[in-house]
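If you check TrEMBL, you get these features:
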type   : residues : note
DOMAIN : 9-115    : domain 'Acyl-CoA dehydrogenase/oxidase N-terminal'
DOMAIN : 126-223  : domain 'Acyl-CoA oxidase/dehydrogenase middle'
DOMAIN : 254-398  : domain 'Acyl-CoA dehydrogenase/oxidase C-terminal'
Amino acid sequence: MAEFSLDLNEEQRDLRDWVHGFAAEVVRPAAAEWDAREETPWPVIQEAAKVGLYGFEFLATCWADPTGLSLPIASEELFWGDAGIGLSIFGTALAVAGIYGAGTPDQLVEWVPQCFGDVDSPAVAAFCTTEPEAGSDVGSMRTRAVYDQATDEWVLNGQKAYATNGGIAGVHVVTASVEPELGSRGQAAFVVPPGTPGLNATRKLRKLGLRASHTADVFLDDVRVPGRCLLGGKDALDERLARARSGQRASGQAAMRTFELSRPTVGAQALGVARAAYEYALDYAKDRVQFGRPIIANQAVAFALADMKMEIDAARLLVWRASWMGRNNRPFTAGEGSMSKLKAGEVAVSVTDKAVQLLGGAGFLRDHPVERWYRDAKIYTIFEGTSEIQRLVISRAISGMQIR
Ligand SMILES: Cc1cc2nc3c(=O)[nH]c(=O)nc-3n(C[C@H](O)[C@H](O)[C@H](O)COP(=O)(O)OP(=O)(O)OC[C@H]3O[C@@H](n4cnc5c(N)ncnc54)[C@H](O)[C@@H]3O)c2cc1C
């Protein structure tokens, strides 16, 4: 087990500085343009692929860090640059985490490279679990997967909502119900290979924030995928279903396993947005003069900045703790993964709100990026489990009761 230390080692410091450099030089200067265009920033993704920031090798290097801190460190820096572009670059990681969490080693080797495509023509991937009638209540999923023994294929039918990269992705990882009577325990995850007939996306959804990241509803109409696309394989699924039917504890549903892996990293993204807004507001407060002195000379302003800094640092500690625990197989006995995402998401919302306030009228204008950060921050109390759902997870963990 890796020792937990707040002293970053040399590799972690190098990683932080390298990603920060990319965020400062490539991502941030492009942020306003792609936010206004509301389009996937393919040239920036391509640039990220060229420098080695987009691809399985990069993710694998981060995952190999025994402290678990590399991915949150990289995420915070990239999203400090811009959350919309950041999600366009790191959104694929959610699908990869889905394959990693539920797939066999052979499936990892087959599908993960396809998630990223080539350096010269990168691809993105999507993880589709939310449905119009199944958001927080993942267990009520209606998308069905039926096995066709004659052809050794799975047939998927249903509708997925709000999928990041939905429709523009090559690989779509889709969760579906195999045995609806078993609720969430009857679900499984499937890879839908690039170009599979029957998978179609609606128009791109228009959003409050994260506008450079593509979001769409995805329709599955008699989508046939080969048997080997069932993540984890049929024997493992049959065994899991048999255990569930006989009332034994199952090891958890496919979508939930993916979210457990990704929540602290999503918290780190929120931290990046919060830190960007805090740093900008701090500089502004030192420069802006009213009543003959910089506005930071007023205790009300300085205290707001002190609180912003403290809250960001507190959230980072929770994110790093959960990342370390996850990497070192420490069970989340008090919902520590949820705590990290809950705190960081709420800090991002409150810090960006304060930053707009500290800039006054300027904060409300598109001339300053705090307006965009304020819009982008809100998603972090919503996706990958709303703040209320994180509180449910923590409440259940600390009480041992089925709090509703
Ligand atoms: C930009 C964006 C990108 C996304 N990307 C993806 C993606 O890539 N893949 C994917 O699968 N999904 C994705 N989502 C979906 C996202 O995860 C869901 O929107 C989220 O989980 C909430 O589900 P819902 O929207 O159906 O809200 P609902 O579940 O309808 O919730 C509505 C409100 O009710 C509250 N609520 C619900 N149940 C309870 C309860 N038991 N106790 C207390 N409060 C409760 C919620 O907290 C919330 O405030 C994305 C969403 C957005 C906006």
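Any Cβ shown, glycine's included, is placed from N, Cα and C.
Remark: secondary structure over the domain 'Acyl-CoA dehydrogenase/oxidase C-terminal' (254-398) totals 119 helix, 4 strand, 22 coil, with classes taken from DSSP. Mean pLDDT for the domain 'Acyl-CoA dehydrogenase/oxidase N-terminal' (9-115) in the predicted structure: 96. The DSSP breakdown of the domain 'Acyl-CoA oxidase/dehydrogenase middle' (126-223) into helical (H, G, I), extended (E, B) and coil residues amounts to 10 helix, 49 strand, 39 coil.
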